[in-house]
Amino acid sequence: MGILGLSKLLYDKSPNAIREQELKNFFGRRIAIDASMSIYQFIIAMKGFQDGQGLELTNEKGDVTSHLNGLFARTLRMIDEGIKPIYVFDGKPPKLKADELEMRRQKAAEAEREFEKAKDAGDDEMMEKMSKRTVRVSRDQIDESKKLLRLMGIPVIQAPSEAEAQCAELVKKGKAWAVGTEDMDALTFGSTVMLRHLNISDAKKRPIAEIHLDEVLQITGLSMGQFVDLCILLGCDYVPKVPGIGPQKAWEGIQRYGSIESFLESLDTTKHPVPADFYYKEARAFFQNPEVTPAEEINIQFSEPDEVGLIQFLVKEKLFNPDRVNKGIARLRAALTRKTQGRLDSFFTVTKVPQQTAAARAPLAGTKRPRDGKYVHVSGTLRKATSGHKKAVKK
């Protein structure tokens, strides 16, 4: 879930902290990517629906390959633009997340039931909608994704707990420039720069949102501690929401009272009963001191692609088109041997111009704002595969 409604709130309260960018603008940047989120997006993007059946991208043996197709293609696309991706995988979820995970399981089970009802009613639109809500990334898909990335020579990091927290640790310690994810809690964990919509296909023409935490804090006048409290009130993965407290009430509460403690004291609990398991202090502590591997202990290294290994895995085992794989290997080698061109901003010291506070700045009239959402669906259509892979009915 990330942080419920935070994206829209930031567009409302601190639009100047968010820049719209193209992929090519991140040339030379190391980006720590939330791997599980990316793989989920690839699976959703390549999932179709026809004649009352869910369709998945498979090879001739019937193996689902949507995660590998998406990961291979998008990683190559980033490499072509001079970006250095670092994929970070989730570890064991914290105990605070147990209720959220159980809720997700219940929602998936409910989606399965709604799918069957829609099937009986012949409602194809509802069937397709419910089918996508049941998508989960399997352990095998995670393991295969790690294998592919390592064969490509791309760094893979296993987080001890939350991937977004580990990504933020890399950014805070200078091992990466930004976190690439759809989950807004990368900012809550302290990442100084966050990129959303990084995995959207170029055909969609949706800009990448580059969000700067320091500018969010400067414009809103919030301290980092107050920002964390705001995120908890908005709704996060670790505690339930307080009933009736939406984005505007949460914003006004932190602006006026400065902390969750003081805000709760002001609440009319007959209208806003605080859940017994609203363990906000524990959630706050986790955001401020999550379980991560210290960045100093992580050796990030980009290496030569394993040509033999890639052909064995993708062509012989997964039945990818040999030409496509060989061209991909050539692109990886070209990226390593390409004469490195430094970013222009690395030659200068940049002094930031102080910005006005939100109260002093006039509202931006007529500004179009992207919709807020939990996940971004990378593609809405399935094209005929040219790599020996096809849409197959999910069994």
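Heads up, the Cβ atoms here are built off N, Cα and C, so glycines get one too.
What Swiss-Prot lists as region 'N-domain' is 1-108. Summarising model confidence by region, the region 'N-domain' (1-108) averages a pLDDT of 87.
Per Swiss-Prot, Mg(2+) 1 binding site is recorded for Asp34, Asp90, Glu162, Glu164. Taken residue by residue with DSSP, Asp34 (Mg(2+) 1 binding site) is part of a strand.
Note on Glu162 (Mg(2+) 1 binding site): other Cβ atoms within 10 Å of its Cβ, all shown chains, come to 28. The annotation DNA binding site is assigned in Swiss-Prot to Arg74, Glu162, Gly235, Asp237 on the grounds of sequence analysis.
Feature annotation from Swiss-Prot assigns region 'I-domain' to 126-257.
In sequence order, Met1, Gly2, Ile3, Asp34, Met37, Glu164 are the residues near Asp183 (Mg(2+) 2 binding site), counting only same-chain partners six or more apart with C-beta under 8 A. The Mg(2+) 2 binding site annotation in Swiss-Prot covers Asp183, Asp185, Asp237.
According to Swiss-Prot, the feature region 'Interaction with PCNA' maps to 340-348, an assignment based on sequence analysis.
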Nearest recorded site to Asp90 (Mg(2+) 1 binding site) by CA-CA distance, among binding-site residues Arg74, Asp185, Gly235: Asp185
Whole-number Å value of the largest CA-CA distance among Arg74, Glu162, Gly235, Asp237, listed as DNA-binding: 31
8 Å Cβ shell about Asp183, Asp185, Asp237 centroid, Mg(2+) 2 site members excluded: Met1, Gly2, Ile3, Glu162, Glu164, Met184, Ala186, Thr188, Cys236
Sparsest-packed among the binding-site residues, when each Cβ's other Cβ atoms within 10 Å are tallied, from Glu164, Asp185: Asp185
